[in-house]
């Protein structure tokens, strides 16, 4: 892929521009940097509590617009541009149902810029300390946003505070979503995984251009939350990504999370939906692609709302095998990693969108019904789940709490721990955390029983309390929360610098060894050991073993990793 992107003609033209810069020079009122495709003119920003200005470059194209004949194809190189490109405006969102973002702003007390949507969306944003220039060789951190692979944007995250306080370069990038990012025909004509290939294109752009912004292409850390973390985990597993990054941080998401693979019957159902809505011939892949490429983006969005299997696939290229098999075979990129979860991943935000009635309390009958519906566990095995989670639990509140813990375990904690073990056993340095602090600013927008919910840590990682721009990520942070945020920014940046999050003035974060120590990120940071040991054993060993030995109609051999689950509410994109 890199040969296509490092086109000789583009390099020669870029060299001419560099020579011209020696006589012209940048304007004094805005930062200007060269890229291999042309010049970009950004703007400067400042953050609270720091004297270091930040150069901000928004909407830099890393690939050609995936329009018309490029729809459902690998991304192509971006085209050269003349003059200096304005990089002061946010790029458009990739096509999605933007109503989801609006609802998240209310529940999470955040604010995003007013952004339009477009199929032309393969852009990235860069936040660099103002002193950074060619030769600075600062660590680079590339952020992949979450959103269930259905929603999200690079431009709802502001990297200014992290760049200013920690002297690192932050890149936030976009990728195609939903049907645009994952449609596949099941053959060579459209193998799918376009979103992951977009991410490869962005990382290739970083390798070829980030030094002109002061970054070190040999020190690139990829990080993300939820679907973004799943992307990071997938990139670590993919042979196509080898050499494009050097460290990885996965916040509340890994590639073996159950819902990521849709069964064949659901794919077939979706093809019938496509045929009904668009009138396309679904029996011929070439004709189907030609038909879909001629449809409007609105028509495809309509399909997206009525289907459910636009997910990752083993394509033989990006994923040569199932993620669990790649982990088992130790054929992945063995690099330092941070993996973590929050202590109430399904406390409010995710269940509120799917079954809000459970939040007030539940009984065992309703809880088991929902477990069967959501997890597809056969009825004859539900008693095992009940014994594990509801034994000696009688009140509606106790049952609700156990049910929400169960969801968090299945979709986040257990996959995270299992992945960390595979990385550790492959010889790669691993650091594990559990984030435990519920933001004070959210106490009046969600129930009192909610602890650190899904995505709560993002505002701390990005230093949201120190931002001054039109992206509001952490309004009303307490002084203690600001201190925790500073510590988390330092941990993350130290890891990006050296592959080890530890440093002067920080509580020790032990590596994830056979003793399975992990860091408890709270106002008072401490060390824990063997996170959810019994629950991990139940889902990864006990239940699969009993199901495999049973004479009952066979269920999935490893329910944790092969459940056919599609939760459209999962992986909200917001901080």
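Backbone N, Cα and C define each Cβ position, glycine as well.
Straight from Swiss-Prot, the features:
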- 1-27: signal peptide (SIGNAL)
- 82: N-linked glycosylation site (CARBOHYD)
- 94-121: disulfide bond (DISULFID)
- 226: active site, acyl-ester intermediate (ACT_SITE)
- 280-291: disulfide bond (DISULFID)
- 281: N-linked glycosylation site (CARBOHYD)
- 345: active site, charge relay system (ACT_SITE)
- 363: N-linked glycosylation site (CARBOHYD)
- 454: active site, charge relay system (ACT_SITE)
- 524: N-linked glycosylation site (CARBOHYD)
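Location within the structure of each feature annotated in Swiss-Prot.
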residue	record	DSSP (3 states)
82	N-linked glycosylation site	coil
94	disulfide bond	strand
121	disulfide bond	coil
226	active site, acyl-ester intermediate	coil
280	disulfide bond	coil
291	disulfide bond	helix
363	N-linked glycosylation site	coil
454	active site, charge relay system	coil
524	N-linked glycosylation site	coil
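Fewest Cβ neighbours within 10 Å among the disulfide-bonded residues 94, 121, 291: this applies to 291. Rounded to a whole number, the C-alpha distance linking residue 281 (N-linked glycosylation site) with residue 524 (N-linked glycosylation site) is 60 angstrom.
In terms of C-alpha distance, the listed recorded positions 94, 363, 524 place 94 closest to residue 280 (disulfide bond).
With respect to their backbone Cα atoms, residue 524 (N-linked glycosylation site) and residue 345 (active site, charge relay system) stand 20 Å from each other. Of all the active-site residues in the record (226, 345, 454), the one with the smallest CA separation from residue 363 (N-linked glycosylation site) is 345. Residues within less than 8 Å, Cβ to Cβ, of residue 82 (N-linked glycosylation site) and separated from it by at least 6 positions along the same chain comprise 38. Comparing Cα positions, the residue listed as 'active site, acyl-ester intermediate' lies closest to 94 out of the disulfide-bonded residues 94, 121, 291. Between the listed recorded positions, namely 454, 524, the fewest other CB atoms within 10 angstroms of a CB are found at 524. Taking the C-alpha atom of residue 121 (disulfide bond) as reference, the shortest distance to any of the recorded positions 291, 345, 454 belongs to 291. In the structure as shown, the Cβ atom of residue 280 (disulfide bond) sits within 10 Å of 20 other Cβ atoms. Fewest other C-beta atoms within 10 Å: among the recorded positions 226, 281, that description fits 281. Proximity note: of the listed recorded positions (94, 291, 345), 345 have a CA within 10 Å of the CA of residue 454 (active site, charge relay system), given in sequence order. Across the structure, residue 345 (active site, charge relay system) and residue 94 (disulfide bond) are spaced 26 Å apart at their Cα atoms.
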